[in-house]
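Straight from TrEMBL, the features:
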ACT_SITE  137  active site, nucleophile
BINDING   165, 166, 167, 168, 187, 188, 189, 190  substrate binding site
Ligand code: ASP
């Protein structure tokens with residue numbers, strides 16, 4: 001059993017306690033249920049509800065002062081769900097999770113909002129935060145004792161970007177990737193991560209996760225903040241970043 005959580009590329013080490021708490025809560029769900037999906041969702045919700053992170057309640061503001069959320073979830077049994085430009089839902093990761101068993105697997109804007117309402121989620125004002133720069137998205141990767149892997153990620157995007165802008169977080173292969181061998185999520189400047197199809201390429205690069213991640217981070221310019229975390233079925237669990245990226249690992 002393993003869990004790794006991050007609090008965003010570029011975020012201060014001062015929020016390490018928030019990332020540790022997310023990993024601990026996710027771990028306790030994993031220990032109790034051996035359900036990697038529930039553990040990953042629990043961990044992400046803890047950080048979405050922590051105003052210090054750029055996700056859920058603390059999401060950064062767009063150019064027009066609004067909050068728009070992107071989120072994604074994927075599982076090693078071949079399912080994925082993602083939402084983009086969601087507005088005013090407390091925990092966007094729960095809506096992405098709902099899409100795991102739907103077809104379409106990805107919804108944006110008005111369609112995502114209607115889907116969430118239909119599923120019984122209530123729209124509530126998400127205040128957002130004027131702080132937060134390019135980094136601080138949150139993410140989790142979890143592996144159960146049976147070997148299932150799940151990835152989950154959630155973000156308010158990047159401060160000051162235009163309304164309707166979609167970063168890497170909800171884009172399959174860019175901000176998240178999962179198959180039966182590996183699960184990876186990314187954080188950092190979404191445009192650069194998307195251009196590199198970062199998570200998919202890291203997953204294909206090498207059996208050695210640490211080496212693959214270091215290679216992946218180097219695909220982006222040094223001054224473009226980026227980070228990745230992941231787990232593979234060789235028993236490796238790690239994170240790599242070219243900037244500060246609080247992350248937390250628990251394994252047994
Ligand atoms: N990757 C996110 C985005 O570009 C931002 C982040 O990781 O903080 O939307």
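Even glycines carry a Cβ here, placed using N, Cα and C.
Distribution of TrEMBL features across the structure.
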| residue | record | DSSP class |
| --- | --- | --- |
| 137 | active site, nucleophile | coil |
| 165 | substrate binding site | coil |
| 187 | substrate binding site | strand |
Which whole-number value in Å describes the distance between the Cα atoms of residue 167 (substrate binding site) and residue 137 (active site, nucleophile)?
-> 11
Report the same-chain neighbours of residue 166 (substrate binding site): residues 6+ apart in sequence with Cβ closer than 8 Å to its Cβ, ordered by sequence.
-> 70, 84, 85, 108, 190
Rounded to a whole number of Å, the separation of the Cα atoms of residue 187 (substrate binding site) and residue 137 (active site, nucleophile) comes to 6
What is the one among the binding-site residues 167, 188, 190 whose Cβ has the most other Cβ atoms less than or equal to 10 Å away?
-> 188
From the recorded positions listed here (137, 165, 166), select those whose CB sits under 6 A from an atom of ligand 1.
-> 137
Can you grab the distance from residue 189 (substrate binding site) over to residue 137 (active site, nucleophile)? Cα atoms, rounded to a whole Å.
-> 10
Protein Cβ atoms within 10 Å of residue 137 (active site, nucleophile), excluding its own = 36
All chains considered, the count of other Cβ atoms within 10 Å of the Cβ of residue 187 (substrate binding site) is 35
Does anything in the same chain, at least 6 positions from residue 168 (substrate binding site), have a Cβ under 8 Å from its Cβ, and if so what?
-> 174, 175, 186, 190, 191, 193, 194, 198
Cβ neighbour count (10 Å, all chains) around residue 189 (substrate binding site) is 22
What whole-number distance in angstrom separates the two most remote CA atoms of the substrate-binding residues 165, 166, 167, 168, 187, 188, 189, 190?
-> 16
